[in-house]
Amino acid sequence: MPVESGSSAAARQAKQKRKSHSLSIRRTNSTEQDRSGLQRDMVEGQDSKLPLSLRSNLLDLFSQIEREFENLYIENLELRREIETLNDRLTAEGQTFEGADLAKGALKTKASHSTSQLSQKLKTTYKASTSKIVSSFKATTSRAVCQLVREYVGHRDGIWDLSITRTQPMVLGTASADHSAMLWSIETGKCLLKYMGHQGSVNSIKFHPTEQMALTASGDQTAHIWRYMVQLPTPQPVADISQTPCEDDVDFSDKDEADGEVEGPNDCPSIRVATTTLRSHQGVVIAADWLVGGKQVVTASWDRAANLYDVETSELVHSLTGHDQELTHCCTHPTQRLVVTSSRDTTFRLWDFRDPSIHSVNVFQGHTDTVTSAVFTVGDNVVSGSDDRTVKVWDLKNMRSPIATIRTDSAVNRISVSVNQKIIALPHDNRQVRLFDMSGVRLARLPRSNRQGHRRMVCCSSWCEENSTCNLFTCGFDRQAIGWNINIPVLLQEK
C-alpha cells in the first residue's frame with residue numbers, strides 16, 4: 001500500500017505538470033475522456049522499462065495528435081461535400097464538365113442540397129473564365145501539348161533571368177546568382193560562352209537588337225555591355241520524349257531531388273572583361289534593357305531609380321526617379337521609345353521618350369503588393385504581374401483600368417508574352433508555369449513532377465518565336481533552364 005500511494009502521488013504531480021505545458025486541445029465529449037482513460041489503464045498494465053509518468057505523458061500526447069487528425073479528417077470531408085454541392089449547382093445551371101469525375105471515394109455520397117437558382121454574384125463568380133473551380137473542372141476536346149525538349153544545366157546557383165538573341169546565331173542566355181552569365185546552344189544544350197566579369201549576382205541579361213552584344217545587370221551595382229562570338233555545334237537528335245498534355249487537373253508529387261553540386265562546363269570559353277561598364281547606381285541593379293535601336297539602355301536599381309545611358313559614351317542621360325521603394329524590373333517597347341518600370345511600392349510607371357523635349361511619366365496603381373514585372377506586347381498593351389497573385393492586361397490608350405485580370409494561387413515572377421500567339425507565360429513561386437491568353441483565359445499548365453519540370457521557384461520565362469524545336473524557355477532557382485515546345489491548338493486560342 002505505501003508503494004501504491006507513492007506511485008499515485010508521483011503520477012498526480014506529473015499529470016499536473018503536464019497540464020501546464022500540454023497543448024490546449026478541447027475535449028469534445030466524455031466518451032473521448034473515457035477512451036483515453038481505458039487506453040491509459042491498458043498501457044499501465046503492460047510491461048515496460050519506461051517510468052509510469054513518462055508513458056502516461058506519451059499516451060496523452062499521442063491522444064492529442066489523434067484528435068487533431070480526426071478534426072482534419074472531418075474538415076476534409078466537409079470540404080469535399082461543399083465541392084460536390086458546387087458541382088451540383090453548376091450542373092443545375094446547365095454547365096457540364098468532361099473529366100470532372102467527382103463521384104469517387106467519399107464524393108459518391110452526394111449532399112442533398114436544393115438546386116435553387118444561384119444569385120447573380122455566384123453566376124458571375126463560377127462562370128468566369130478565370131475561376132479556379134471552373135478552370136480546374138474545364139476540359140477541352142483538343143488540349144494544349146507541352147513537351148519538355150531540353151535542360152540547360154551548368155550554373156552553380158539559381159538562375160534569375162534568361163533571354164534569346166534577336167539575331168543569328170540564335171542562342172540562349174542565362175543570368176545566375178553564381179556571378180556569371182552563360183550562352184547556350186538551343187539545339188544541343190551545350191554551353192558556348194561564359195561571362196565572368198561581374199563581382200555579384202547577375203540579375204538580368206538582354207541581347208542587342210542587331211549586334212552580337214549582351215547587357216547584364218548585377219548586384220555589384222553596375223551594368224555591363226560585352227561582345228560575344230560563338231560558333232554553334234552540330235545539332236544532335238532530340239531525345240524521344242512522348243508528348244505530354246499540359247497538366248490542369250493532376251497534382252504531381254512535390255518531392256524534391258537531392259541538391260548535389262552541379263559541375264560547370266569544363267570546356268566552355270569565358271570572358272572576364274566588359275566592353276562597357278555603366279556606373280552610377282547606389283544599389284543592386286536588378287534589371288536592364290535596350291531601347292529600340294540599341295543606342296541607349298535603361299537600368300533599374302534597388303536605389304529606387306532607373307537610369308538611361310548612352311551606349312557609345314557610357315554617360316548617364318536621364319535618371320528616372322519617383323518610385324517610393326526598390327525597383328524590381330524594367331522593360332522597353334519593341335518599336336517605340338517607351339519604358340515601363342515596376343517597383344515594390346505596388347506601382348509601375350510608364351516613361352515616354354518619344355518627344356526629345358518632353359519626358360512624361362504616368363503612374364499606375366493596379367496592384368496591392370510588389371509589382372514583380374511589367375512588359376510590353378507588340379500591340380498597344382502592357383502586362384503586369386505581382387506578388388498579390390494577379391496578372392493584369394492594360395491598354396496603352398486607356399490605362400485607367402485593366403482590360404483583363406488573371407487571378408492565380410501563387411506570386412508571379414518575370415512574365416513574358418508570345419509575339420505571334422499572344423500567350424502570356426506566368427512563372428510562379430510554387431514551381432508552376434501557366435499559360436493564358438490576352439483575355440485572361442487559362443490555356444494550359446506546363447507539366448511538373450519529380451521527373452521533369454522545375455524543382456524550385458520559377459524565376460523567369462521567355463518566348464522564342466523563330467525556333468521550331470523550343471519556343472518557350474523557363475529558368476528557376478533549381479539551377480537549370482528548360483526549353484519547351486508548346487503547341488496551342490487554334491480552337492483553344494480562340495476560346
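The backbone N, Cα and C atoms fix where each Cβ goes, and this holds for glycine too.
Marked as region 'Disordered' by TrEMBL: 1-47. If you look up TrEMBL, you'll see 22-31 marked as compositional bias 'Polar residues'. Per TrEMBL, compositional bias 'Basic and acidic residues' is recorded for 32-47. If you look up TrEMBL, you'll see 62-89 marked as coiled coil. Sequence annotations record features per position, and here TrEMBL assigns repeat 'WD' to 152-194, 195-226, 278-319, 320-361, 364-404.
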Same-chain residues at least 6 beyond the ends of the repeat 'WD' (152-194) whose Cβ lies under 8 Å from its Cβ atoms: 200-212, 214, 216-218, 228, 230-236, 261-262, 264-265, 268-271, 287, 414, 456-457, 459-460, 462-464, 466-467, 469-470, 473-483
DSSP helix/strand/coil residue counts for the repeat 'WD' (320-361): 0 helix, 26 strand, 16 coil
Across the repeat 'WD' (364-404), average pLDDT on the 0 to 100 scale: 93
Tally of residues which DSSP labels helix, strand or coil - the repeat 'WD' (278-319): 0 helix, 24 strand, 18 coil
